[in-house]
Amino acid sequence: MGIRVIGVVGPSGVGKDTVMEAMAVADARVHLVRRVITRKAGAGGENSIGATDAEFDLLIAEDAFALWWAAHGLRYGVPRKALANDDEKAFVLVNLSRGILDRARQAFPDFMVLSLTADATTLAARLAARGRETAEEIEHRLARAKSARPTGADVVEIANEGDLDDTVARALAAIQPVRV
């Protein structure tokens with residue numbers, strides 16, 4: 001059995017990156033994947049690798065991504081090399097789009113989904129505070145947040161509306177696989 005890949009999903013503003021970073025601090029087995037995104041590195045507070053469209057196209061041609069997709073006018077890629085880890089007790093967290101989950105299930109043999117949720121008031125406040133989107137974009141993201149949540153036996157849903165430490169503790173408990 002290889003490394004376990006955890007796809008972290010949820011609406012914009014739910015705190016995916018914050019929760020993922022806190023999980024990595026709390027548990028040394030948790031590793032974060034830096035996605036390649038067609039925007040400036042680190043834009044919007046995410047620890048990403050920036051790429052131009054031409055650079056992204058080259059990475060696709062080189063088969064450098066285990067998975068890639070387009071959303072919100074950008075392209076996102078999960079670098080294959082970021083998943084290289086011989087520690088079978090390790091977990092790799094990657095921020096994914098809900099629309100890519102079926103492809104992720106095919107790409108990663110040991111995969112599960114950590115679906116983070118928050119109420120609309122919490123999401124609106126977080127989106128406004130981060131200052132990355134216009135008011136119109138915030139409304140669009142809030143409307144999209146109402147779309148269907150992921151389902152399946154591999155999905156664990158955790159509410160992220162209160163204390164971060166509590167959210168992290170519940171998330172870490174949920175991703176522990178039973179290994180035989």
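The chain as shown is numbered from 1 upward.
Cβ from N, Cα, C; glycine included.
As recorded in TrEMBL:
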type: DOMAIN; residues: 2-179; note: domain 'Guanylate kinase/L-type calcium channel beta subunit'
type: BINDING; residues: G10, P11, S12, G13, V14, G15, K16, D17; note: ATP binding site
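Shown here: features listed in TrEMBL, placed on the structure.
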residue: G10; record: ATP binding site; contacts (Cβ under 8 Å, 6+ apart): K16, R98, S115, L116, T117, A118, N160
residue: P11; record: ATP binding site; contacts (Cβ under 8 Å, 6+ apart): T117, A118, L123, R141, L142, R144, A145
residue: S12; record: ATP binding site; contacts (Cβ under 8 Å, 6+ apart): L123, L127, E133, R141, R144, A145
residue: G13; record: ATP binding site; contacts (Cβ under 8 Å, 6+ apart): A118, T122, L123, A124, R126, L127, R130, R141, A145
residue: V14; record: ATP binding site; contacts (Cβ under 8 Å, 6+ apart): L116, T117, A118, L123, R126, A145, N160
residue: G15; record: ATP binding site; contacts (Cβ under 8 Å, 6+ apart): L116, A118, R126, N160, L164, T167
Which of K16, D17, the listed binding-site residues, has fewest other Cβ atoms within 10 Å: D17
Across the domain 'Guanylate kinase/L-type calcium channel beta subunit' (2-179), average pLDDT on the 0 to 100 scale: 89
Cβ within 8 Å of the mean position of the Cβ atoms of G10, P11, S12, G13, V14, G15, K16, D17: remaining residues of the chain near ATP: L116, A118, L123, R126, N160
